[in-house]
Amino acid sequence: MRGNAMQTAEVEANRSLAEKRKRELDAERKCSKELKDALQIAIEDRARILEQYADLEEKHVQLLERHRKIHDGIDVKNATSEAGVRSAESKLIHTPAAEISALKDENRGLQYQLKDTSEEVQAAGELLVRLKEAEEGVATAQ
């Protein structure tokens, strides 16, 4: 009888340990799935941010080209002023001042957007690294 009671206690202890291990494994699987989902979201967000960054860079390049063309126009205006040209053509050359002001404002706005996007890309990269480290930690724990 005593041996039977010991066997029952041992079986019960093993069952309890198995249930505990199963709960731990289920918790680790849930955590792993959550990490995988978070990693996927971070990857998608990073891709979106990189697309925005590329769009901003393209706009910035276009703005720089417009800026260069305007400066070329200003150089022509200055040359005509120095040469003493006063005609309808000269008036057309003087009109870019308002456009320059608008372009400067647009340039400032794009620079702020570029800076914000750059910071978002940096933050997303750091998040990606932390998620990868956490995923490796879960893999090691398993």
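For all residues, glycine too, the Cβ spot is worked out from N, Cα and C.
In TrEMBL, annotation is done automatically, which means it is predicted and not curated.
Residues 100-134 are the range that TrEMBL records as coiled coil, among 30-64, 100-134. Secondary structure of the compositional bias 'Basic and acidic residues' (17-26) per DSSP (helix as H, G, I; strand as E, B; remaining residues coil): 10 helix, 0 strand, 0 coil.
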